[in-house]
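Novice: I am attaching a structure below and will ask some questions about it afterwards.
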Amino acid sequence: MAEGGASKGEEPEKLPGLAEDEPQVLHGTGHCKWFNVRMGFGFISMISREGNPLDIPVDVFVHQSKLFMEGFRSLKEGEPVEFTFKKSPKGLESIRVTGPGGSPCLGSERRPKGKTLQKRKPKGDRCYNCGGLDHHAKECSLPPQPKKCHYCQSIMHMVANCPHKLAAQLPASSQGRQEAESQPCSSAAPREVGGGHGCTVLFPQEVKSEMAEHSDRSPQEVSSTKAFAAIGEQNKKGPLIQKRKKT
């Protein structure tokens, strides 16, 4: 019987290397040093280990999966915590983190900013494959379509020969011509034609020929032409002067 009792009291032999392979779990207290809510990890500043205060705080790594709390898991900077940790090749890592007395952690008020997909604003351009407005040709789900005009979507011609595009451009060009014709002539040497309001631009050759004509004329002819020109100007100014007097 004594031998049996002695056999029961003996401790079972431990496997060699088991105690060395298993990391020792320790208990510590401290506060959150910093925590990145977007990446989900941070560090705890441990000020007490196994109930013994530390002269210099020690950093302990903490991951959001080790936090004891509901909802979005995070830590607020300076938040007091209690935790168990172990030694790893990378340093000290927390195993389970709670609030004081085993209560749930409070967590941070910050939330990671989600990646919002910016919707492309419609710019009026079409898909060159199907003509749709909500996508480009590289995003088109249809097989390659026959080539067609990008302006009117017709397969009978290309945009360079599109009659609809040419018809839309003609009114704009004719309007530009009308505006050019309605503007007064701003030439440095205007010539009055038949007493009207139109004018023509004298090119260098015309100026030379006109100067030659004046040189061939006699002084009497030149004076007579000046007199006719003065009479014409008075006739033009006459009605304007009468209208001003009536008003």
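Cβ coordinates are placed from backbone N, Cα and C, and glycine is handled just like the others.
Copied straight from Swiss-Prot:
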- 1-22: region 'Disordered' (REGION)
- 27-100: domain 'CSD' (DOMAIN)
- Ser94: phosphoserine (MOD_RES)
- 96-124: region 'Disordered' (REGION)
- Ser103: phosphoserine (MOD_RES)
- Ser108: phosphoserine (MOD_RES)
- 112-123: compositional bias 'Basic residues' (COMPBIAS)
- 125-142: zinc finger (ZN_FING)
- Cys127, Cys130, His135, Cys140: Zn(2+) 1 binding site (BINDING)
- 147-164: zinc finger (ZN_FING)
- Cys149, Cys152, His157, Cys162: Zn(2+) 2 binding site (BINDING)
- 173-247: region 'Disordered' (REGION)
- 173-186: compositional bias 'Polar residues' (COMPBIAS)
- 207-219: compositional bias 'Basic and acidic residues' (COMPBIAS)
Novice: CB neighbours of Cys149 (Zn(2+) 2 binding site) within 10 A?
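Specialist: Total other Cβ atoms inside 10 Å, all chains included: 19.
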Novice: Can you check what DSSP calls Cys162 (Zn(2+) 2 binding site), collapsed to helix, strand or coil?
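Specialist: SS state of Cys162 (Zn(2+) 2 binding site) = coil.
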Novice: Please compute the mean pLDDT of the model over the zinc finger (125-142).
Specialist: 75
Novice: In the domain 'CSD' (27-100), how many residues does DSSP call helix, how many strand, and how many coil?
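Specialist: Reading the DSSP string over the domain 'CSD' (27-100) gives 4 helix, 49 strand, 21 coil.
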Novice: What are the DSSP helix/strand/coil residue counts across the zinc finger (125-142)?
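Specialist: Secondary-structure breakdown of the zinc finger (125-142): 3 helix, 0 strand, 15 coil.
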Novice: Please state whether DSSP places Ser103 (phosphoserine) in a helix, a strand or coil.
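Specialist: SS state of Ser103 (phosphoserine) = coil.
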